[in-house]
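> After the structure tokens below, expect a handful of questions from me.
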Amino acid sequence: FCRKTSKAQSTTATRILLTLLSLFLFTQVFGLSSVAQVVLGKGGSGQYLSINIAFGIGVTLGIHAAGKISGAHLNAAITITQCVLGNISTKTLIAYIIGQFLGSFLAAATVFALYYDALYDYTNGSFTVTGPTATAMIFSTYPASNVSLQGAFFSEFTATVMLILGILVIHDEKNNAAVKGAQPMLTGILVLGIGLGMGLNTGYAINPSRDLPPRIFTAIAGWGMDVFSADHCWWWIPVTAPVLGSLFGVLLYKLFIEFHNQPDQEAEPEKEQAGTETS
């Protein structure tokens, strides 16, 4: 009994570690550093497209890094959805979210250290959330100035609906799933597509664990509590809207696709016919 418990704890620890590393080494570092390069380079070292490509590459590599053991849980909204559906336990949910948040926080710290000199030069040592030399958006998302809170919520909600629908289409074995080797790349392309088409209003956080831990880091690292009070306390929207969007997206998929896919029932008459012919 003791050995089994120890092994289970070891497995959980491994899953946390792999989720942390996948976010830390790939998904977040690629994404956040690309934003830093565009902002601090003043448009001379990349454009909006390069940010989208970098996040797509990061997601692809993150899934490859942790997909085998942890299922590549890189998004807290999707992890919560899996728990609600009963696919993972509450303990597993907590373990994954801890890994996601730690990895994301460390990724923000890594990018901060990587570009500290450029940050200091760009801001003259004054880290601000708004203004001509604002840099908080390097680490977390902030809405465009012409977008209301309601519009921002709907943007994050809709983008996450498209994310979960795309992921289900790519992975649903009962439908027309992609081959396993292509799934990470297609998921990265999915994120790229969302960024290209739905990033104007809010920067497409679509993931609480992508947005909240770096925001906490910036509050500690010198930007202060403005990261939470800015834009009418916008910070809670990229935490809640993706969760609700993910749940709603699963409901849509079940209603319009999954409930209409009955490959097992369709296969039974074919098997019976084949058996009759054989007889």
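Cβ atoms are placed via backbone N, Cα and C, with glycine included.
Remember, TrEMBL labels are computer predictions, not curated facts.
Heads up, here are the entries from TrEMBL:
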TRANSMEM  47-66  transmembrane segment
TRANSMEM  93-116  transmembrane segment
TRANSMEM  147-170  transmembrane segment
TRANSMEM  182-206  transmembrane segment
TRANSMEM  234-253  transmembrane segment
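For the listed features, I'd like the structural context: burial, neighbours, distances.
Panel annotation: around the transmembrane segment (47-66), residues 18-19, 21-23, 25-31, 33-35, 37-38, 72-74, 183-185, 187-189, 191-192, 195-196, 199 of the same chain, lying at least six beyond its termini, place a Cβ under 8 Å from a Cβ of the stretch.
Packing against the transmembrane segment (147-170) from elsewhere in the chain are residues 75, 77-78, 81, 176-178, 183, 186-187, 190-191, 193-194, 198, 201-202, 204-206, 231-232, 234, 237-238, 241-242, 244-246, 248-250, 252-253, 257-258: each is 6 or more residues past its ends and has a CB under 8 Å from a CB in it.
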> Below 8 angstroms Cβ to Cβ, which residues of this chain, lying six or more residues outside the transmembrane segment (234-253), approach it?
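Long-range Cβ neighbours of the transmembrane segment (234-253): 75-78, 80-81, 84-85, 140-143, 149, 152-153, 156-165, 168-169, 202, 205-208, 210-212, 215, 227-228.
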